[in-house]
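Here's the structure, in structure tokens; my notes come after.
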Amino acid sequence: MSVFLKAATISNVTFVRPAKFYFSGFSNIPHVTYFLIFLCFVYIMTVVGNVLLLSVIFLVKTLHTPKYMIVFNLALTDLCGSTALTPKVFETFLFDRTDIVYEACLSYMFFVYFFTDVQSWTLVIMAYDRFIAICFPLRYHSIVTNPAIAAMLLLVWVVIMSITACTVGLLDRHSFCGSLVIQSFYCDHGLIYRLACNDTSLNKIMAYVVFVVIICLPPILIVLTYVCIAIALSRIASGKERLKALKTCTSHLILVSVFFLPFLATNIASLTSYLHPNARIINSTLTHTIPPLLNPIIYSLKTEEVLNSIKKLFKNSFSQPIKI
């Protein structure tokens with residue numbers, strides 16, 4: 001396996017960087033072709049579902065509200081995140097191209113982590129929207145405005161981009177003089193920095209930062225939000241009104257469960273007991289691919305506004321006279 005040398009201009013240190021890394025993620029899984037075909041179907045449906053949801057929100061003026069600005073952002077990151085990850089998985093394991101150029105691997109890692117992390121914090125902003133709607137209903141339209149939500153989303157993109165760039169960029173200050181085999185289906189930060197043969201303490205710190213900021217903090221904030229919502233709902237005398245308010249949260253609660261529970265389950269399982277590498281790889285694959293598939297389905301089927309908008313768009317498109 002060939003490597004090339006490159007001198008760091010800051011400290012005049014020579015780093016040994018590989019020309020390529022090599023994936024071994026699905027190599028020992030029986031009947032893996034069927035699983036990859038299933039992932040292909042999931043990706044196609046993910047693209048169709050999210051493009052449809054993005055188009056509906058874009059075309060229907062009544063959906064140009066703060067709530068659907070957040071939904072639009074989630075659909076966009078779902079689409080981009082799946083496109084960053086899944087086609088490369090097909091190329092790698094379905095067509096047996098298990099190598100990836102060093103620079104491409106870092107880019108691959110950046111986009112997969114970036115879009116996944118933005119999805120995580122988009123769910124927090126959704127929780128904030130529901131919190132204001134239920135706890136401060138009279139002030140909702142003055143607090144949750146399009147500019148306010150746009151600023152929050154922009155802040156999330158900038159902060160997450162900075163953290164991800166820092167996490168990936170630190171890998172470029174390492175020498176790789178041993179194994180170049182990544183035991184995963186994508187360029188996993190944790191697995192790659194462990195292949196380095198010099199000090200990786202900064203990478204470990206960044207890994208903990210990402211774990212806390214992306215995996216731990218968002219669900220904690222969402223749980224706290226729903227505790228406040230539950231307290232506010234308990235003060236509503238009418239059970240009918242309480243149920244009506246709670247129904248506005250069901251889509252978001254399903255999205256949160258679909259996104260965070262697999263992540264937490266895989267991490268807890270790996271910490272508390274032995275998790276077979278194949279099980280970890282399959283769980284991780286489904287964790288990255290299933291939520292982007294389900295999100296547009298949940299919002300299309302569970303939200304009456306979106307369903308009515310889709311029906312209206314199709315009705316208008318079919319009722320227009322054909323011009324000759």
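Using the three backbone atoms N, Cα and C, a Cβ is placed for every residue, glycine included.
A TrEMBL annotation is a machine prediction, not a hand-curated record.
Going by TrEMBL, these are the annotated features:
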- 34-60: transmembrane segment (TRANSMEM)
- 49-299: domain 'G-protein coupled receptors family 1 profile' (DOMAIN)
- 67-86: transmembrane segment (TRANSMEM)
- 106-128: transmembrane segment (TRANSMEM)
- 149-171: transmembrane segment (TRANSMEM)
- 205-233: transmembrane segment (TRANSMEM)
- 253-275: transmembrane segment (TRANSMEM)
Distant-in-sequence neighbours of the transmembrane segment (34-60), which means Cβ under 8 A and at least six residues beyond its ends: 26, 68, 71-72, 75-76, 78-79, 82-83, 86-87, 89-90, 93-94, 282, 285, 289-290, 292-293, 295-297, 299-300, 306, 309-310, 312-313
Same-chain residues at least 6 beyond the ends of the transmembrane segment (149-171) whose Cβ lies under 8 Å from its Cβ atoms: 66, 69-70, 73, 106, 109-110, 113-114, 117-118, 121-122, 125, 128-129, 189, 192-193, 196, 202-203, 206-207, 209-210, 213
Chain residues outside the transmembrane segment (67-86) and at least six past its termini with a C-beta under 8 angstroms from it: 39-40, 42-43, 46-47, 50-51, 53-54, 57-58, 108, 111-112, 115-116, 118-119, 122-123, 125-126, 129, 144, 146, 149-150, 153, 186, 255, 288-289, 291-292, 295-296, 299, 305
